Amino acid sequence: MDGMIAMLPAPLQQLSSHIDFQGQKVAERTYQVILTLAGIIGFFVGYSTQQLSYAMYTVMGAAVFTALIILPPWPFLFRKNPIVWQTPIEEQEASSSSDNEKKDKKKETKKTK
């Protein structure tokens, strides 16, 4: 993804391209609803006019409309719930705590035997 962003012009590289997990859920649901409705509407348009091309144009137009709504990471739709990451622990603390955990596990297994 970073390689694709690097190919963009400089002003576009400044835009954020990430959405949060809740935003992904909203985007997926919006995509499903719009395209399902477009399929139903396209079917009736094609049936009433007896033109398959009208049905296809209806669905393709809805697909373009959906892409315009879903693809940009709109901050008011898809980035409302940012992910809060835990701060990384230092290596010494991590290794000493994992050593202590291993010792505790060994003690527990000896006690149970």
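Yeah, the Cβs are placed from backbone N, Cα and C, and that goes for glycine too.
The region 'Disordered' annotation in Swiss-Prot covers 89-113. As annotated by Swiss-Prot, topological domain 'Cytoplasmic' applies to 1-32, 79-113, with the evidence given as similarity to another entry. Annotated topological domain 'Lumenal' per Swiss-Prot: 54-57, in sequence order, evidence recorded as similarity to another entry. Annotation source Swiss-Prot lists transmembrane segment at 33-53, 58-78.
For the topological domain 'Lumenal' (54-57), the list of distant contacts is 42-43, 45-47: same-chain residues at least six beyond its ends, Cβ to Cβ under 8 Å. Model confidence over the topological domain 'Cytoplasmic' (1-32) is summarised by a mean pLDDT of 80. Below 8 angstroms of C-beta separation, residues 66, 69-70, 73, 75, 77-83 of the same chain, each at least six residues beyond the ends of the topological domain 'Cytoplasmic' (1-32), sit close to that stretch.
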